[in-house]
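Q: Pasting a structure here, questions to come.
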Amino acid sequence: MQQQILERIEDCYQQAEAYFKRAFPRPTTQFTLRGRSAGTAHLQQNRLRFNPVLLRENSEAFLAEVVPHEISHLLCFQIFGKTKPHGREWQSIMLKLFKISPNTTHNFDTQSVKGKDVEYRCACGPIRLGIRRHNKVLRGETRYLCKRCHTHLTLA
């Protein structure tokens, strides 16, 4: 599947070079993204990262939508410089070059990549915190208050 992604990236770049009548440097591609994001484009490094779990579960949509979406970010940066991430320049590349609706988010099932929750307690009952917030509590970086009763959350 990763080879198909690399081939799709090359196809997209050939399409872009024909459309814009100029050459573009090919990005470094990694399959190391975790969490609920399908892909990210690192503009200054000319690098793409894809989520291998979501790729495996949604291969057709990755080829059709996610790869062009992320490449559009890199192309937008290389053509226009710094712009809004999903601004009109990016939308134009999505629509005119790739002929894809410029959606900013995917609608993949993310149950398999969902982060772990940890149960905390306050005066009014149990509250679940995501792993990132839980780790901040463990490191002593912060304490959280319940939005309802305004008491500090404690690990259950």
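Cβ coordinates come from backbone N, Cα and C, glycine included.
Keep in mind that this is a model prediction, so the values were computed, not measured.
OK, Swiss-Prot features for this one:
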| type | residues | note |
| --- | --- | --- |
| ACT_SITE | E70 | active site |
| BINDING | H69, H73 | Zn(2+) binding site |
| DOMAIN | 12-154 | domain 'SprT-like' |
Q: Would you please pick out, from the binding-site residues H69, H73, the one with the fewest other Cβ atoms within 10 Å of its Cβ?
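A: With the binding-site residues H69, H73, fewest surrounding Cβ atoms within 10 Å: H73.
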Q: What are the sequence-distant neighbours of E70 (active site), meaning same chain, six or more residues apart, C-beta distance under 8 angstroms?
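A: G39, T40, A41, L48, F50 - these are the non-local Cβ neighbours of E70 (active site), listed in sequence order.
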Q: Please count the residues of the domain 'SprT-like' (12-154) that DSSP assigns to helix (H, G, I), strand (E, B) and coil.
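A: Here the numbers are 58 helix, 26 strand, 59 coil.
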